[in-house]
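Engineer: Residues or ranges marked as GTP binding site by TrEMBL: N58, K59, A60, D61, N86, S87, N130, V131, G132, K133, S134, T135, G174. What TrEMBL lists as domain 'CP-type G' is 10-178.
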Amino acid sequence: MHFQWYPGHMTKAKRMMQENIKLIDLVIELLDARIPLASRNPDIDQLAQNKARMIILNKADLAEDKWNAAWEEYFRDKGYEVVRINSRNAGKMKSVHSVIQAACKEKIERDRKRGILNRPVRAMVVGIPNVGKSTFINSLAGKACAKTGNKPGVTKGKQWIRLNKQVELLDTPGILWPKFEDQSVGQKLAFIGSIKDEIVNTEDLAAELIRFMNSAYKGVLEEKYQIEGAEDPYQLLEGIARSRNCLLKGQELDTGKAALLLLDDFRNGKLGRLTLEYPPEV
C-alpha cells in the first residue's frame, strides 16, 4: 500500500505556524504513545529551532506501560521535557502545568532580570492530525476551548487559549509532511487514524494490522472476536465479519464493515494496550 496525504490546508497551516513561531517561548509536541517516532513530524525540529521543547506522550493508556517508560527515557536522554498522559483524564494535567514552567525557567529568569514580570509563557501546541491536541488543551484548561473530534482535520485555524495568568497556548491544526520516505510510517499513521480512511483501502489496511497483531500480539484477535486463528489476514478478517454479523444482502460477508470495526476497536483501545514501535536503542 502507498500512503500519502498532504491536502492544501496543511500547507496553509504550516505557513501560519512559521509566521507565529516568533511569538512563542515553548513548543509542546504531542505524540501518540503507540507510535512515538512515526507520529513525529520531521518539520517541527526546523520550525522550533532555538525554542524550549516539551513532548507529550499522549494516549499512554492505549500503549504498553513498559514501552511508555522506555520512550519517556529515550526522549529525556535527548534533552526534552516529557510527560505521559491520557488526555481524557484531566486529573493528570497538574504535572503538565509544572513541566511547562520548568521548560521555560530560563526564559522566565531572563524576563525577571530585564524587569519584565508576569508576562505569560506562550506555548505552541503541535502534532499530527488526530493525535489529541484539542482534547489535551481542553483538559489542561478545564473547559471546552478547542474543537474536538475523533477524526483528522477538526482544528482548521489557529486558536489562542489563555490557561491562566502564567500560560497562553496557541492551538494549531494537525499537519503531516509532504512525503513519507518510509511507507511503514504512513501505514502506522493510517492505523491510528491520522490519515483519512476515505483515501486508503481500509480492508488492506486492516489486513496489515492483523499481520502486525499476529506477529506481536498473537491470540489477541482470536480471543477478542471469538474466532479461529488464521495465518491469512483476509481469512481472519472474514472470521471477524462472521463473528460480528457483518453481512451484506444474501448473507455475504461484509469484510469492509469488519475492517472498519477492527480499526475502530484498535484506535479506541478495545484490543488492549498495544505498542507498535520501540525506541531505536532497544
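Each residue's number is its place along the chain shown, starting with 1.
Quick reminder: no glycine exception, Cβ is built from N, Cα and C everywhere.
Not measured: the values here are computed from a predicted model.
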Engineer: Quick one: what's DSSP say for G174 (GTP binding site), helix, strand or coil?
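Structural biologist: The residue in question, G174 (GTP binding site), is coil (DSSP, three-state).
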Engineer: Give the mean pLDDT for the domain 'CP-type G' (10-178) on the 0 to 100 scale.
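Structural biologist: On average, pLDDT over the domain 'CP-type G' (10-178) sits at 87.
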Engineer: Might you list, by sequence position, any residue in that chain lying six or more from A60 (GTP binding site) with a Cβ less than 8 Å away from its Cβ?
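Structural biologist: In sequence order, A33, N68, R84, I85, N86 meet the Cβ cut-off.
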Engineer: To which of the binding-site residues N86, S134 does the lowest count of other Cβ atoms within 10 Å belong?
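Structural biologist: Minimum Cβ neighbour count within 10 Å, taken over the binding-site residues N86, S134, occurs at N86.
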